[in-house]
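One structure is given below, encoded as structure tokens.
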């Protein structure tokens, strides 16, 4: 599947120091050593209701990491998936009378257009679940052969043969096992907390025939009226959610890759189970670090499809709003915090953008180098975008207070820095 096209990123003098991020799996900050090679996997959308502000905030957050690495002279391998077949997509297609493939294609196109408008750097590989089924099937077959997956007898009216991952068996390792996954390794949650979230986030803890309530689906055998694909010894069907990302990451990235990213709602079960699948398949951890973006609400309320209060990037753009201002409104909040989109906050972002542009024409001589150093220091510290924005604010105030003409060299350098590090074009 093709990705969108990235805009050129200006090259700046000097380099970003090694980036420190908060690692969810260890509950502490970790420094990402500047080894020269970095790798990033960010879980993509299920293509319906794209692109809401929660989506946008998550991809802008990890775009900051991508940019910070590149500014530090690192080569970055970046992969993003798209879950282009899943229950929510099929349910929306049925409810609206649209073929699920057409719905997915239109929403993927809209998402990519929004990402390009927000100046999010494109992944090197943008990979759909459907196109990955030929690799997913043998991975599930291997888990069956290893005794880490099992088939479930169908309930009345349902077919036999759905395949589930055995989390208890997968959590058992020899004393020599290195960096072995066990249930809770990523999330750090109690079983009670896991059960609650599992039911809320696509799991089926009450499914009869499962060995453990938290066992996730690997393969759903074919049902009438649902799309299905050849599954070898699994029978016709379609993959579960978590195994898709594991297989895609293992195909395109080193093992372990540097950072697994996504929204905080993916910590459990998605990232937890994906990490388990990876270790079960290869004996190697999926990722070295796990980082997560906060949730976005609207005017203090949870933003959700069911409430119908989604703020869509495409609707803002259609109303004539500038994508750079949308991006600035997102960057005003630290990526790990939960926050709400408000009209007041968006107005502040538009004012800030205008003030930066006004100040650019008055850029004081030899001011750019200090600003770049301050921005890099903030972004290297757990991608502290609000701190970087505050540094530009201070520079803009000083620029407006100076007498005389601005420096063309510093004007160009500040413009390049705000673009390269924050993804905002002045």
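Each residue, glycine too, has its Cβ placed from N, Cα and C.
Straight from Swiss-Prot, the features:
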BINDING   43, 44, 45, 46, 58, 81, 82, 83, 241, 263, 264, 265, 296  L-cysteinyl-5'-AMP binding site
BINDING   43, 245, 270  Zn(2+) binding site
MOTIF     45-55  motif ''HIGH' region'
MOTIF     200-205  motif ''ERGGDP' region'
MOTIF     302-306  motif ''KMSKS' region'
Distance [Cα-Cα, Å, rounded] between residue 82 (L-cysteinyl-5'-AMP binding site) and residue 270 (Zn(2+) binding site): 14
Residues satisfying Cβ distance under 8 Å from residue 264 (L-cysteinyl-5'-AMP binding site), sequence separation of at least 6: 292, 293, 294, 295, 336, 338
Those residues of the chain, 6+ apart, with a Cβ under 8 Å from that of residue 245 (Zn(2+) binding site): 41, 43, 81, 270, 274
Per-state residue totals over the motif ''HIGH' region' (45-55) - DSSP helix, strand, coil: 3 helix, 1 strand, 7 coil
CB within-chain contacts under 8 A for residue 296 (L-cysteinyl-5'-AMP binding site), separation at least 6: 53, 54, 57, 303, 338, 339, 340, 341
43, 45, 58 as binding-site residues, winner by CB count within 10 A: 58
Nonlocal residues around residue 241 (L-cysteinyl-5'-AMP binding site), in sequence order (Cβ under 8 Å, 6 or more apart): 83, 86, 202, 216, 217, 270
